[in-house]
Amino acid sequence: MPKYRSATTTHGRNMAGARALWRATGMTDADFGKPIIAVVNSFTQFVPGHVHLRDLGKLVAEQIEAAGGVAKEFNTIAVDDGIAMGHGGMLYSLPSRELIADSVEYMVNAHCADAMVCISNCDKITPGMLMASLRLNIPVIFVSGGPMEAGKTKLSDQIIKLDLVDAMIQGADPKVSDSQSDQVERSACPTCGSCSGMFTANSMNCLTEALGLSQPGNGSLLATHSDRKQLFLNAGKRIVELTKRYYEQNDESALPRNIASKAAFENAMTLDIAMGGSTNTVLHLLAAAQEAEIDFTMSDIDKLSRKVPQLCKVAPSTQKYHMEDVHRAGGVIGILGELDRAGLLNRDVKNVLGLTLPQTLEQYDVMLTQDDAVKNMFRAGPAGIRTTQAFSQDCRWDTLDDDRANGCIRSLEYAYSKDGGLAVLYGNFAENGCIVKTAGVDDSILKFIGPAKVYESQDDAVEAILGGKVVAGDVVVIRYEGPKGGPGMQEMLYPTSFLKSMGLGKACALITDGRFSGGTSGLSIGHVSPEAASGGSIGLIEDGDLIAIDIPNRGIQLQVSDAELAARREAQEARGDKAWTPKNRERQVSFALRAYASLATSADKGAVRDKSKLGG
């Protein structure tokens, strides 16, 4: 039977110094036999998804201590991708994921904590904490800050829903007046919480439910709603139960690697495809699987993408629905219920509540449950009041959205499309694959062919788009923006948003070895692997080359002969030390980012560190 890890620092005469320091934090003799549980918070005033988390760590800690544990809170960093977008700050976003994972490992192992409650929310924070949890493999529960309410404003005598992407598009559209742009900007992000669409943050928080590491409602219950408080209270109580089950009863089912099994990863990816989640989730699930030592690869994702339909459509793929609407329709469990009825899920999985998938659906699926309290929870709705306070309102929808033919969540029979919301494409310059969010691609451009316009930085591409140098029919190629080449694998939300603002959203394609924001829609193909900086063939594309995209058949092809590509590769290699680097890009890259780049793998490996370079 495993002993408490914390006993290393609390027992034995030779640990008198450690105990003296623990006493200085408020611990007493009575605490030294209890489990020490880390409350891993991520409060910051920089990020609306985290601005309300300051007091929530204390809330969890109080429940831990009431249940017989000792709570010790610390914070991780948290980068706001939206604020970092469109300038050099975006180079730091993806690398922050590794820093978060490492910092959690450092704190938890340095102080021998027994378990964790991870309070996350936004883009790289949930993945970073997830990677750390599976690396450490000690009991853990995730509880996120929750989604932002959708913005609303009146334009042309109509009330419309808004989010961050609308503000970006209208701000760049020369046809939009200053007053309208200002109105949209002021209305787009009304409350605390993660941005209101199915962007990366909300996608990842939904996936923690499917992985079994968070409670039902975690991905969709609004940050502002009073019902969300119960998730934090429950997490504090439940983590003590899980911790004692593992350390005192030798019950390994309480460990995250046994909850987030390969079957659970397959369920999470199935959910992601069905709900049209952010393409960034592919990166993060691949990275998390490696930490869990699970053989889960792009090949698995490709297989799932070919059989899973799209059952949910949310902003940015439509402006009709945001996360508050997903919640009203039953949230993540509502989507999982439809997938289960379609025979598309692994049922032999459990969650942190100890429930199997069938038990979870019976209790929490709004189409099955007889529990009025559960139905009431899924009626939790927005208040439409600007606030930075968690749990500040208790508004409810009059009814649930249980219309599986025309509502937000659909049954298999009434799916938005038989193909899911994400697809893996392969071709002669994406030998290891690339990713497209098909949920955001108009049917008219599922097959597309056009001449390449090649740029070696996001900045140059933006300048060309706004300067009118990109025209209908073009395929914009942005390279040397991968994990190693950027470094940092920038998101390309500004180029895709500006294509929309220039009226080219359905008339152009964009291909990159970088990545896209969860707010991206359109024919936007990212994660091209291998990346240019690793000798990938995307580095051989020249202006005017024809590129053919065939999403239905999962293909992407540079229409250049093998002989010509071989000649171009030979010429590239002849550049010596400058081979596979941008020819005309000036970019200041810090030592910290160079250190990240030196170990980074391409996107098909999750952009994690190359362990072979570290002897791993």
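Cβ atoms are placed via backbone N, Cα and C, with glycine included.
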Of the candidates ASP80, ASP81, ASP163, ASP166, which one does Swiss-Prot list alongside ASP123, LYS124, GLU491 as binding Mg(2+)?
ASP81
Where's the emptiest Cβ shell within 10 Å among the binding-site residues CYS122, CYS195?
CYS122
Note down the number of other Cβ atoms within 10 Å of the Cβ of ASP81 (Mg(2+) binding site), including every protein chain shown.
29
Using DSSP with the three-state reduction, classify ASP123 (Mg(2+) binding site) as helix, strand or coil.
coil
Excluding ASP81, ASP123, LYS124, GLU491, which residues of the same chain place their Cβ within 8 Å of the centroid of the Cβ atoms of the recorded Mg(2+) site?
VAL79, ALA84, MET90, SER93, LEU94, CYS122, THR200, ALA201, ASN280, SER517
Give me the Cα-Cα distance between ASP123 (Mg(2+) binding site) and CYS195 ([2Fe-2S] cluster binding site), rounded to a whole Å.
10
With an 8 Å cut-off on Cβ-Cβ distance and a minimum sequence separation of at least 6, pull the same-chain contacts of LYS124 (Mg(2+) binding site), or say none.
ALA78, VAL79, ASP81, SER93, LEU94, SER96, ARG97, ILE100
When you measure from the Cβ of SER517 (active site, proton acceptor), which residues in the chain that are at least 6 apart have a Cβ under 8 Å away?
ASP81, GLY82, MET85, PHE199, THR200, SER278, ASN280, GLU491, MET492, LEU493, THR496
